[in-house]
Amino acid sequence: MTGPASRAIIPGDEPPAPKPGGIADRARGARAAGGDYLAKLNPEQRRAVEALDGPVLVLAGAGTGKTRVLTTRIAHLLATGRARPWEILAVTFTNKAAREMKHRIGDLIGGVLEGMEWLGTFHSIGAKILRRHAELAGLKSGFTILDTDDQIRLMKQIIQAAGIDEKRWPARQLAGHIDHWKNKGLAPKDVPQGDGHVFADGRGVKLYAAYQARLKVLNAADFGDLILEPLRILREHPDVLAEYHKRFRYMLVDEYQDTNVAQYLWLRLLAQERKNICCVGDDDQSIYGWRGAEVDNILRFEKDFPGATVIRLERNYRSTAHILGAASHLIAHNESRLGKTLFTDAVDPEAAKVSVASSWDSEEEARAVGEEIEQLQRQGHTLNEIAILVRASFQMRSFEDRFVTLGLNYRVIGGPRFYERAEIRDALAYFRVVAQPADDLAFERIVNTPRRGIGDTTVRLLHDRARARGVPLTEAAAEMIGTDEINARARTAIRDLLASFDRWREQLETLPHTELAEIILEESGYTEMWQADRSADAPGRLENLKELVRSMEEFDSMAGFLEHISLVMDTDSEASADAVSIMTLHSAKGLEFDSVILPGWEEGLFPSQRTLDESGRVGLEEERRLAYVGITRARKRAYIRFASNRRIHGLWQSSVPSRFVDELPEAHVDVVEESNSYGGYGMGSYGESRFDTRDPFQNTYSTPGWKRAQKNRSGGGFDEASQGGYGNFSGPRSKQRFIEGDLVAKSVVGGSSIYETGERVFHQKFGYGHIATIDGNKLTIDFDKAGRKRVLDSFVERH
DNA sequence: TAATAGAAAATTTTT
DNA sequence: TTTTCTATTA
C-alpha cells in the first residue's frame, strides 16, 4: 500500500541501508533476537518461519496463526541479515492486512518498520511498478486509476461509439467480460477466438481493444491493468524483469488461495530466478472464485514449484472444540481440497455447542437474534464481541430495523463505501480535472454539477469536437468557446468553468492542497448546491465533504492524495462505541468474535441459487467454504438460523433449510426447538409480522432498549459525534435510523411542529399525503395510498 | 434545459 | 421493495 508517508519513488533513490554487520544492524538483530520471537511459535509455525530458502507453501487453517508466521518470517529475514527491508516483496489482498503486517513486524523488531517499500496489496504494488515503467505500457507516470463506475461509463461510450444497441448489450456485461480476461492475464490480442464471441455478436474483443486504446488516450488504468500491465512489462522486457529479480531476494504472499491467473503469472515470473517464495493460504477459505480467484493455484503449488516445502498449520488457537468440530465436519463435504483438520488443545467442558434454530420469517429471525444479543449482554458480554454474518447485504435490513426499535447499537461493516458516495466522487472529480486536465471522465461528471446550464446537447457537441480533433474534452471546450457552435448561455458557463480550472491549477503550485480543495468546492458552487438542498441527507453529505478535506491533511500533495484514494478502498474508522457488527460473510474473513450469529441458512439464499446455477458443484463448494469461514469466525459461540419464509424483491417465498444445516455433526450441535419466546402477545400468526402496522409509539417504555436509549441520551450518546462516526461506514439508511431513535425519545417532551395541518408531505415508506392532525412532533397523515398513519415529523419532507 | 412522474429493472460477494 | 432510467412537459 502506498501510505501517506511513503517517499517518492525515484529509481535508484534507495534509502540508506544500515551497513550489514554494522552497529545499527547488529543492534537491531540483537533486539529482535532478544525478543525471542522464535520461542513463541509452535513447532509447525517455527518450521514455516525457518524454511527461508526455496519455495514454501504454508497451509494455514483458520485461527492457526497465519499472520504470526508471515510477520515472524519477515522479522527473521531481517534479523538474520538475509535481506534488507526493501529486498522483500510481501503482497496481501487488502490494505488492512498490509497495515496489520507492517504494524506487527514493527512490534517484533521493536520499533516502527521502515523501508519496507514493497509490502502492500497486489494492486498498490502493481501500480508502483507500472508508474516506474509507465512509458512501456503507453502511459505517462501520472496516470489516473479508474474505479468501477468510471469503467462502466467509459464502456458505455465505447459501445455507443461502435453503434451497438446499448440496451441489448449492457456496458456492465462488457465490463464483466473484460474483467474476466484481465484476471486471466489476457490482452485483447490474446483472447481466444471462441471467447471473443460472447459479447455483441463477436465484437467483444474489438470493444476490449477500443477500451484499452481509449484508456491510453485518457492516460488511465483500471484495476485489472494494475496487474495486467506490469505482467506484460515483465514478460516483454527481460531487462526490467532482471532488475526486479535482483531486487526481490525473498517473496511472501498472503491469502494465496485468492490469487487469480494474472497474479499467479506475475508471482511466478518474479520468483523464477531465486525461487524464494513463501505462499500462505487456506484452500478451505477460498471464497473469491467469482471474481477470478483460482483455488487451483494453491492446489497446484507443488507442481508449479518443484521441491516445495509444504507445511500445515492445524493447531487452532481461536475456537472451542465444538465450533471446530462443526466447521471441520461441514467442510469435509467438499471434494476439491488439500485436506486439513483443525484441532485445539483447549478443553472447556462448559463450552457451548453450535446452536441451530429456526424462525417463521426474517422479521421473527431479527427479533430472535435481538433477544439472543440482549441475553448475551445481560450475561456481561460486550456488543463489540458479537457479529451477525449474512450471505447477502439485503439481509441486513431486518436486523437494522429491529435493532433501531430495540435501541441496540450496531454498525454495518462494508456497506456503501465512503469514497463511493456521490458527493465524494463529485469532489474527487473536481480535484482530478485540476490535477489531470485530460481526465475526460472526471470532467464529464462535473461539467453540469452543480447545474450550470451545460446540458446533454452541449456535452454531445463537446464530445464530437474532442473526437474529431483527438483531444481531451477540456481542450475541445476551450476551442469551442471561441466559436458560436454552442448557445450563448452554455458558452458563458463553459468559459467560466474553464477559467476556474485554470485558476485552481495555478493555485495548485502556491496553496496547500487542503486549502485549495476547500476553495474548489466553494468556488465551484458545489457546497452551495448541497447547502441549498433540503433533503434529509444533505447535511450528512456536507459533513462527508468536510471529512474528505480533513482526510487530505495526511498527504503532502493533491497527487499523493488522489493515488491513495483510488487504491485504498477501506474506510477503516475504528468505532469506539460498543456495537454489534453486521456484515457479509465475505467481509468477515480474517476477523473473529466471541459470538457469531449466522442467519439465513436457507436453500437459494445460502447456498446462493445464482452461484449454484452459474457454477454448479464448484459453486456449491465455494458456498460451503463460505459457511466454513462463517463458523470459524467464532471463538466461543455460534448461532445458526434459518427462516421458513423470506421476502425477496418484495415477494414472499417459503424456503427450505440450507443443506449445510444437515451437514453439521450432531455431536457438536444443539437444536433449539421452535419457540415463540418473544413478546407476550401471542402473535404467532402470519399477519402481524408480515404487515408492519405497529405504531412506533406503542413502544413499551420499560423494555431494555428503551432503558438503554435513555441511558445513552443522558450520557450524550446520540450526539453528533457518534452519528458522524457511524456515518463513515454505514449507509445513509442506517444513519437516519439513529436519528429516529433519538426523536422517539424526544417525542415525550412535546413542543410545536414545524408543519401545519393540511400541508402536503412526502414519506419514504408511505408516499405522499396530507397532514390531518399534529401532536408535538407526531403527525397524523392521510396518505394517498397507505391511508391514515401516525408518523414522526422527521420522517416526512415538505412537498 | 430542468423537473417530474411513471415504468422498468435489479438485486451477492470487491481489490 | 427499492432504485434507476426514460420520456414527457413546462
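First residue shown is number 1, and so on along the chain.
Here the Cβ of each residue, glycine as well, is placed from N, Cα and C on the backbone.
Remember, it's a predicted structure, so these values are computed and weren't measured experimentally.
Some features that TrEMBL has for this protein:
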REGION    A:1-22  region 'Disordered'
DOMAIN    A:39-320  domain 'UvrD-like helicase ATP-binding'
BINDING   A:Ala60, A:Gly61, A:Ala62, A:Gly63, A:Thr64, A:Gly65, A:Lys66, A:Thr67  ATP binding site
DOMAIN    A:321-590  domain 'UvrD-like helicase C-terminal'
REGION    A:701-731  region 'Disordered'
COMPBIAS  A:714-728  compositional bias 'Gly residues'
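The Cβ neighbour count for A:Gly65 (ATP binding site), using a 10 Å radius over every protein chain in view, is 22.
Cβ crowding, taken as the number of other Cβ atoms within 10 Å, peaks at A:Gly61 among the binding-site residues A:Gly61, A:Gly63, A:Thr64, A:Lys66. All protein chains included, A:Thr67 (ATP binding site) registers 16 other Cβ atoms within 10 Å of its own Cβ. Its Cβ placed at the centre, A:Ala60 (ATP binding site) has 28 other Cβ atoms within 10 Å. The Cβ neighbour count for A:Ala62 (ATP binding site), using a 10 Å radius over every protein chain in view, is 26. What surrounds the ATP site, by Cβ distance within 8 Å of the Cβ centroid and not counting A:Ala60, A:Gly61, A:Ala62, A:Gly63, A:Thr64, A:Gly65, A:Lys66, A:Thr67, is the set A:Val69, A:Asp282, A:Leu313, A:Asn316, A:Tyr317 from the same chain.
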